[in-house]
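Over in TrEMBL, the protein carries these features:
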TRANSMEM  7-24  transmembrane segment
DOMAIN    13-160  domain 'ArnT-like N-terminal'
TRANSMEM  89-109  transmembrane segment
TRANSMEM  116-133  transmembrane segment
TRANSMEM  169-193  transmembrane segment
TRANSMEM  248-267  transmembrane segment
TRANSMEM  274-294  transmembrane segment
TRANSMEM  326-345  transmembrane segment
Amino acid sequence: MDRLSKIILPLILIFAFAIRIFGIEKSPPSLNWDEATLGYNAYSLLKTGKDEFGKKSPLNLRSFDDYKGAIYSYTVIPFIKLVGLNATAIRFPSVISGTIIVFLAYLFTLMFFKNYRIALLAAFLIAIEPWSLHFSRAAFEANLAVMLFLTGIYLVVKFKSFLFGGVTLILSALTYHAEKVLVFPVAILAYILNPTSLIRLSTTSIFAHYQSPVELIKAVLFRYFSYFSPINLFVRGTPEPSQHIPNFGMFHPIEFLFLVIGVYFFIKNIKDHKVLAALILISPIPGVLTWNWFYPARVLPLFFFLSSIIAYGLSKILNKFTIVPILILLASSILNLFTSLYFYLPYQERGNWQYGMKEMVGEITKYQNGYEQVVIETKTAQPYIFLLLYSGYDPGKYQEFSKDIPSPRKSFDFDKYVFRDIYWDKDKDLTNILFIGPVSSLPVTPLSEVKDFEGNILYKVVGTE
């Protein structure tokens, strides 16, 4: 590492960590159901050594019958011990992963281009790019997985460390499903780098059962190239509500210029960059295998490698004459990004982050004593997990209810909590019941209300005698 890197790189890493951790409880405005289940399962593992369904030391979490990787929940455990069961603890592993990814950007770019200046530019760009910042501020398994995946690739490509690199790649595959898809192509790349280190593998195409090859090819190509679309990358972003910052694509718009320049010189010197080219070409594969036409969480490695090309392009035009206008444009874009992240996201996207569930559980906890049953009506999917998380419900006690729940799950009820629609004309005659639901379902004066940022009533709390 040269002298300049020893000074600037730590500053970039400190800056990257700071903008990822600042206001993490407020933006995103609340935990979504995936974050909630990762957090509660971490709490359950801490207290009992089992997940919410009573499975001991699991590698996968049944969760909502989607069987998430359990690795992220294990990383949350020490932070729950340090700061309690809250959003900061649940999101902190992603913050750390995102900061490490910035450091990996420096290492990868230095390895690919043998230039400290380009490596520093890559680290700085990833520190402030919308995709990296957003995925580092919520409990995305994908963010932890891509950090492990990139670490594994670096160990394999840079040091030919197939043992440690392989273990890290396996951990990434256990963390998030998308990395399972990438491990095989990376194994092929490793074989090319060192044919004696791996045994050839045979595999059967997962597309063999499709009856219409033409339609299959069209669908695959459409999805594949959607991940290279400038509109998707720099302007529109994704329709997935939890995977973007409002008004931004995956990258800053100005970076499109740097990418075009970088691609030109990259192709011109392609003989020196075959490994990077291969990594870029295989990175969209997990996204191709989903029904979603543009699903960023599955292709984070692609954005990472494109950032190296963007830094390469920026280095080609950065001089004493261009640095001022480039800095002004970047500063303007960063200011807009922070405005969207810290102001627009908590308000504009609050519905997509299940805002109000924490406040609702707080009201339930306040009034539930003395009532025989609590009836909850909410349009939020998987409502039970928020009640478990925010009430700190005893995991051992919950496992007594959950151990016999069939798959797929047909009811969220447990203990004295019932999740169903409220029919007030009939339900008002029930005795000793605490009801929590929307205004339309409870047309009476409530014990209390849960409101959003604008004062709109989200839930009413009503009790019967």
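Placement of Cβ uses the backbone N, Cα and C atoms for every residue, glycine included.
Proximity of distant same-chain residues to the transmembrane segment (248-267), defined by a Cβ-Cβ separation under 8 Å and at least 6 residues beyond the stretch ends, is recorded for 125, 128-131, 230-238, 273, 276-277, 296, 303, 306-307, 309-314, 316-317, 326, 329-330, 333-334, 336-337, 340. Sequence-distant contacts of the transmembrane segment (7-24) (same chain, at least 6 residues past either end, Cβ-Cβ under 8 Å): 1, 87-88, 91-92, 95, 98-99, 102-103, 106, 120, 123-124, 126-128, 133, 136-137, 338, 342. Counting same-chain residues at least six beyond the ends of the transmembrane segment (89-109), those with a Cβ under 8 angstroms from any Cβ of the stretch are 5, 9, 12-13, 16-17, 20-21, 24, 31, 35, 38-39, 42, 72, 75-76, 79-80, 82-83, 115, 118-123, 125-127, 132-133, 135-140, 143-144, 146-147, 150-151, 154, 158, 304-305, 307-308, 311-312.
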